[in-house]
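Reading through the structure tokens given below for one structure.
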Amino acid sequence: ITMIVLYTIVGVLAFVGNVFVLHVLRTRLSARRNVGFMFANMAVADLLTALIIIPKQITQAARNNLWFPGMLADVLCRACDFTVFTSIAASILTLTIMSLDRFVGIMLPQHKQTTLFHRASVVTPFVWITSTLLMSPIIVVSTSLPSSLYPDDPARCRQTWSVLGDVDLSQQVFYAFVLVMLYIIPLVVMTTIYSSICFKLWIHRTPGETIPAVTRRVERKNRRVIRMLVIVVVVFAACWLPPHVMHIYSAFYWREFSVNITRYNIDDIMFFIGQANSAINPILYIWLNSEFRKAFGRAFR
């Protein structure tokens, strides 16, 4: 019951919050701004979590982790699991591209108009097509139908890695790939980029240098944007670290995982922390961005 209540709260907050974010982006922020499109990518990924993933988690919690029998239920199982991983990939890719876009805009402004990062018509399809392709194995391995490994098992939405060959090797390679390519490397890239930007905006100053008023205003605006993006990245990394650790542990030490983690529902808690990020993001946007704050205030007048 506790998990049902928690997921319901997160689901409602994520749905309302991200619909609000998309509304503000459409009506208040310039559609030509690349950052606006990238925030829309994040909101869509979080909205998918609220509409597809969280209802699945509530259903399984209510049914003692059981799923429904039949082909339609199997299709839904595959779609839900695929959406989980695709939305994570889309979010981290979007955050990485946002950092690259800010790097070019602040550190190399003379090249801003010539980079692909500045073109939302390129960035958005790239993010979702790449995420879909990278996470395509999940469609294959996720199932709720009986298998040779679990012939008498009741209907559960699970991943059956035997369809890709060696059970252990398949999931170990996949989850290690996801951890490295869609968590560690992007975080290293973003840490490097934001560190260099922060040095330029906050620290690097020539003694006695006179800064024009226009430049000071631009720098203040850039500082606010960078501050918001850094906080969003840190919260994302903190929320999704437990699920990544859980996946690696289950892939490499599945026997211990079954005894120590699943037995005490620790995996449910770790996965919930990741899903909670979809509800936290809109709160961060409202807290850290004046346009979102103004729109939020108008909504309650």
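Heads up, the Cβ atoms here are built off N, Cα and C, so glycines get one too.
As recorded in TrEMBL:
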type     : residues : note
TRANSMEM : 6-25     : transmembrane segment
DOMAIN   : 17-285   : domain 'G-protein coupled receptors family 1 profile'
TRANSMEM : 37-55    : transmembrane segment
TRANSMEM : 75-100   : transmembrane segment
TRANSMEM : 120-141  : transmembrane segment
TRANSMEM : 173-195  : transmembrane segment
TRANSMEM : 225-249  : transmembrane segment
TRANSMEM : 269-288  : transmembrane segment
Same-chain residues near the transmembrane segment (37-55), Cβ under 8 Å, at least 6 residues beyond its ends: 7, 10-11, 14-15, 17-19, 21-22, 25, 31, 79-80, 83-84, 86-88, 90-91, 94-95, 97-98, 101, 120, 123-124, 127-128, 275, 277-279, 281-282, 285
By a Cβ-Cβ criterion of under 8 Å, what residues six or more beyond either terminus of the transmembrane segment (6-25) are in contact with it? 31, 36, 39-40, 43-44, 46-47, 49-51, 54-55, 57-58, 61, 272, 275-276, 278-279, 281-283, 285, 291-292, 295-296, 299
When pLDDT is averaged across the domain 'G-protein coupled receptors family 1 profile' (17-285), the result is 83
